[in-house]
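K.L.:
This is the feature table in Swiss-Prot:
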- 1-25: signal peptide (SIGNAL)
- 29-130: domain 'Ig-like V-type' (DOMAIN)
- Cys50-Cys113: disulfide bond (DISULFID)
- Asn92: N-linked glycosylation site (CARBOHYD)
- 135-221: domain 'Ig-like C2-type 1' (DOMAIN)
- Asn140: N-linked glycosylation site (CARBOHYD)
- Cys157-Cys204: disulfide bond (DISULFID)
- 226-317: domain 'Ig-like C2-type 2' (DOMAIN)
- Cys247-Cys303: disulfide bond (DISULFID)
- Ala336: GPI-anchor amidated alanine (LIPID)
Amino acid sequence: MWRPSISNCVWSTLLLAIFVQQTLAQRTPTISYITQEQIKDIGGTVEFDCSVQYAKEYNVLFLKTDSDPVFLSTGSTLVIKDSRFSLRYDPNSSTYKLQIKDIQETDAGTYTCQVVISTVHKVSAEVKLSVRRPPVISDNSTQSVVASEGSEVQMECYASGYPTPTITWRRENNAILPTDSATYVGNTLRIKSVKKEDRGTYYCVADNGVSKGDRRNINVEVEFAPVITVPRPRLGQALQYDMDLECHIEAYPPPAIVWTKDDIQLANNQHYSISHFATADEYTDSTLRVITVEKRQYGDYVCKATNRFGEAEARVNLFETIIPVCPPACGQAYIAGAEDVSATSFALVGILAALLFAR
């Protein structure tokens, strides 16, 4: 029976050791572990771990690899001149640990751990750092809208921030949106056929749970033909007393407003005083004061409003009464002579007496 000699055993062991050494020397460096994606707040701390194998003879780098790569470390030496960064190496686990304190918004991005084998051959692993940022509504969002009644309106709202902000639409005073709800979620709010009732202030609200969010006010103007309402279509007043005739006009753009009687346009003079008062939401109150009413001034008056989208008119009838109406005749006295005062006084006394005896 053949038995190996001692010299043969030594030779075999030596060959095995050489084979193992060559095999190990030929092993390609690998990255066995890299920290998973990190999400941090501004001012916080993050640590990236990169574990390597078979890389003792190679250079290991940390880089920030966004548009322009920034070298942070080489081997166990920190390269970046920023006191917020630090680097440690754990030889037991062959792990490089890159730490960033007091995280800033600009620290967000992709970090790469890289083993340099040659100028053309590298082994890399990446980890992404996301930094929570409050929403900021972008300048390319809608600022304001002017549209004709019946046309389509589209409002857009975009915001930066992390996590991605949610965009919610509201109206002033929580009025119902054209979508038939108090709120609408989405970057674009569409009104297929805008009505004058849709005008007003809309709020674009961006929120992602970081800070208090951001808001933009968008003013929507709707162009439409005038609409006139008359609070008191018939008014009575006694002779020689003032009387105010009123009409309310709703229109955009602001209309031209005139008062007429018997197809003759009235103007400010000793008989009439015309005033216009613009209120919010495209309303205008127009008042025609008839000064010391005369017989010929009783009858129909027309309030007419016109803009480039159309026109409207409404009538107000002024009729004669015996007793003065207050307002606007409160405290007003007309003295044309003693005879007039006496006649008026006797007339009023007679009316009051008749009313008393009738009981």
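Going from the start of the chain as shown, residues are counted 1 onward.
Each Cβ is built from the backbone N, Cα and C atoms, and glycine gets one as well.
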K.L.:
Since the record lists Asn92, Asn140 as glycosylation sites, which of them has the fewest other Cβ atoms within 10 Å of its Cβ?
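P.N.:
Ranked by other Cβ atoms within 10 Å, the glycosylation sites Asn92, Asn140 bottom out at Asn92.
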K.L.:
So of all those recorded positions, Asn92, Asn140, Cys247, which one's Cα sits nearest to Cys204 (disulfide bond)?
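P.N.:
Looking at Cα distances from Cys204 (disulfide bond), the smallest one goes to Asn140.
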K.L.:
Tell me which residues of the chain lie with their Cβ under 8 angstroms from that of Cys303 (disulfide bond), as long as they are six or more apart in sequence?
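P.N.:
The answer is Ile228, Val230, Leu245, Cys247, Ile249, Ile257, Trp259, Ser286, Leu288, Glu313, Ala314, Arg315, Val316.
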K.L.:
Show which residues of the chain containing Cys113 (disulfide bond), separated from it by at least 6 in sequence, have their CB under 8 Å from its CB.
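P.N.:
The answer is Ile31, Ile34, Phe48, Cys50, Val52, Val60, Leu61, Phe62, Tyr96, Ser124, Ala125, Glu126, Val127.
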K.L.:
Determine, to the nearest whole angstrom, how far the Cα atom of Asn140 (N-linked glycosylation site) is from the Cα atom of Cys157 (disulfide bond).
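P.N.:
Computed Cα spacing between Asn140 (N-linked glycosylation site) and Cys157 (disulfide bond) is 8 Å.
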K.L.:
Return the residues near Cys157 (disulfide bond) by Cβ distance under 8 Å, restricted to its own chain and a separation of at least 6 in sequence.
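P.N.:
Ile137, Ser141, Thr142, Ile167, Trp169, Asn187, Thr188, Leu189, Cys204, Ala206, Arg216, Ile218 - these are the non-local Cβ neighbours of Cys157 (disulfide bond), listed in sequence order.
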K.L.:
What is the number of residues in the domain 'Ig-like C2-type 2' (226-317) that are helix, strand and coil, as DSSP sees it?
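P.N.:
Breakdown, helix to coil: 3 helix, 58 strand, 31 coil.
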